[in-house]
């Protein structure tokens with residue numbers, strides 16, 4: 001199980017690296033899917049099944065819509081590939097930043113802050129993950145309505161921007 005969690009962490013970091021150094025929006029979608037699946041699997045291995053499911057639905061349901069619009073607006077006739085020297089340079093630069101972060105993180109880890117889990121303690125306790133469901137729908141109902149209206153307004157704004165003056169989709173020239 002430890003190796004699987006380490007593998008998910010490595011996939012999450014590589015997915016974030018792929019999103020940050022993508023040569024075109026087509027490859028950014030692949031990196032986002034890899035990072036979201038690995039991150040949600042990581043949460044699932046920690047026992048946060050509801051949070052993992054909600055984040056998976058948000059990332060793959062909402063963020064991929066943003067990438068679809070960005071791909072349609074920035075469609076290149078000759079997109080760059082992963083093997084181009086500029087993309088490899090970006091990847092190496094981000095990898096160096098990650099290595100420096102791991103070195104600094106090893107220094108900070110020596111301070112020993114402890115490990116935080118999502119399970120409650122006791123025989124008749126409700127898991128903190130599932131008690132969050134009740135808080136989402138009781139205290140956060142107004143915020144859900146405001147966020148829903150904001151997303152609907154954003155959808156209409158993006159549709160108007162894509163439509164343009166010619167009453168059709170924007171095409172690459």
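Backbone N, Cα and C define each Cβ position, glycine as well.
Per Swiss-Prot, the listed range annotated as transmembrane segment is 139-159 (candidates: 118-138, 139-159). Here the transmembrane segment (139-159) has long-range neighbours at 62, 69, meaning same-chain residues at least 6 beyond its ends whose C-beta is under 8 angstroms from one of its own. If you look at the transmembrane segment (87-107), the same-chain residues 6 or more away from its ends with a CB under 8 A from one of its CBs are 13, 17, 20-21, 23, 80-81. Only residues 6 or more beyond the boundaries of the transmembrane segment (27-47), in the same chain, are considered here, and those with a CB under 8 A from a CB of the stretch are 1, 4-5, 8-9, 11-12, 14-20, 53, 55-56, 59-60, 63-64, 67, 70-71, 82, 117-119, 127, 129.
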